[in-house]
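> The structure under discussion is supplied below as structure tokens; questions concerning it will follow.
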């Protein structure tokens, strides 16, 4: 095994498809950008699929090619971590509809030779999962020891055993939900309207010129607030002023929290495509796992024998603990084995991405239990 | 008393000033648009000042001149209501910095003959209160039987006894706070950035052309979510689709909550000035009553003999009950008489504007108690 394989190798594959999408469109070809870490065991029993969140990517444990920053979940994935390439064959793919190499609005529509833009078909969480399954076929991974994800990644981790009941042995669903609430949809709609209000968006046809960076930055700012707890914001910033002694009585960023938010918005637009933001938020808003199964969430899990691990954070108001509890109740009704814990954290929804030793212990214990 | 006086008379006065603002600027003249209902008693003891919220106006109990809709608080102010023009002399003034006739960015700067735009001085909640005091002087109202307000109106109702301790007998502070939190500031900053991201904003100089309606609509949408509770949104909209049977797999407003939010944004821009939105949100973000009094909130109330009535709503996550409780603690420390109640409502922050019989009973009882 070379170091490249051990510590991440940025790959991209073009699969012929077609992939039949929930919206009815046949997508072909299907491009998937992904990374793998470690090696598939001879018995194929050590594959773990990591699913990323809305603005995440396949660089789960290796440096981001644009920002140069470490992978987004090196706290969970890496040597000595709960998910360890020395033991696991780790796969992480850029979701369908995103902008880090997988098919999405920014990739080329072969029928026109130009970027898809808003001509790209609207996709769902289940479509993302189906594309991941195509990738696993390509990689020769028949079944998953586990599928693991937080936030939108948790939606995929839930959708996996519901869509491919025989291919998943365990699912770890962190800070997530089985359906987007009216408030979730509302915040996403604000973001989409912010993007679309930017004249540079131009109906999604901006790839020849300047992207709608102003609108996308506003969208990111609004969303970012929902990722943090009120108490966490107060602890981190309170009403502290920027590096000046008094209020400016102007409209510069007087408060540190203003400056922080502006930075979040501006840095985001350098690494993300505005149309991809529209498509992925739409997929999340469409997500309602019960609806896909006759309106009864438990029905989603009746055919799988997967074990489940649910984790919520007490200060997460985006996908609060009651959302996880609803999933647990459905799993109980379906007779599926499930462990559930609400962890305490001051950091709100984003806690799953931050230093959370308890989360690591939970995931390590759950994955290890499957080996007994 | 004519019917005009009894049921509201839209008035506007230009006072010479100067008004010394917290930012150091001397504002002159000071225009104030206001309404009054009822007549001032011979002993001057029946004057009640109503303070409006961020996007409110002086038309508290009479039709809005632009939308034609009834006044924004006819549930509280009117014949047979807790605040009744038959008994009270009711005054409501458009706040400084707003756009319904009082001095603000949309009014004319006498030095240039053109609208102030972003040349208007940044103002504070206390500046709004000082302008209201100038209006009371003009009207011959020496003291207030009560000052009453919800949300930003509650900030003014708090600031009144702190700024003019001898002029206020009672203050009713509903769904409000003594300081804007980091999260409050963050949401407002998103709104300001949405306005400023609109090219039509043009640094605030748009009065000769098209206003930045797209940006302001996005700002309003983001803010509107904070006015409603998660449970209220779920109850009102859930994941219900618009008048079609299935998802569109497009970017039209599929969900009712999307359509509702878009409507909130679009209808707002017809009645509100984008620059005024910037100035008033800034004033709210600057509000920290303790900071104005040596960092100790109780100090704000040591010189007043006013009675206080605090009301919060259990589902208000914009200014949650703990914000009201902090004020109550400070009033206790200052030895001020205070009654406090948390009311139950599914409607979040906006509950104070909606049908709330309990709120009416609380206000009626509190105001009546002062007559004993």
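Positions of Cβ are set from backbone N, Cα and C atoms, glycine also.
The active site, nucleophile feature in TrEMBL is assigned to A:151. Marked as active site by TrEMBL: A:316, A:349. The substrate binding site annotation in TrEMBL covers A:220, A:350. Under the heading domain 'AB hydrolase-1', TrEMBL lists A:46-355.
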> Validating a neighbour-count step here. Other CB atoms within 10 A of the CB of residue A:349 (active site): how many?
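The Cβ of residue A:349 (active site) has 25 Cβ neighbours within 10 Å.
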> Would you count the other CB atoms within 10 A of the CB of residue A:220 (substrate binding site), including those on all shown protein chains?
23
> I need the CA-to-CA distance for the residue listed as 'active site, nucleophile' versus residue A:220 (substrate binding site), whole Å please.
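Cα-Cα distance, the residue listed as 'active site, nucleophile' to residue A:220 (substrate binding site): 16 Å.
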> Ranked by the number of other Cβ atoms within 10 Å of their own Cβ, which of the recorded positions A:316, A:350 ranks first?
A:316
> To the nearest whole angstrom, what is the C-alpha distance linking residue A:350 (substrate binding site) and residue A:316 (active site)?
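Approximately 8 Å lies between the Cα of residue A:350 (substrate binding site) and that of residue A:316 (active site).
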> Can you count the other CB atoms that lie within 10 A of the CB of the residue listed as 'active site, nucleophile'?
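Other Cβ atoms found within 10 Å: 27.
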> Take every residue in the domain 'AB hydrolase-1' (A:46-355), average their pLDDT values, and give the whole-number result.
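Value for the domain 'AB hydrolase-1' (A:46-355), mean pLDDT as a whole number: 96.
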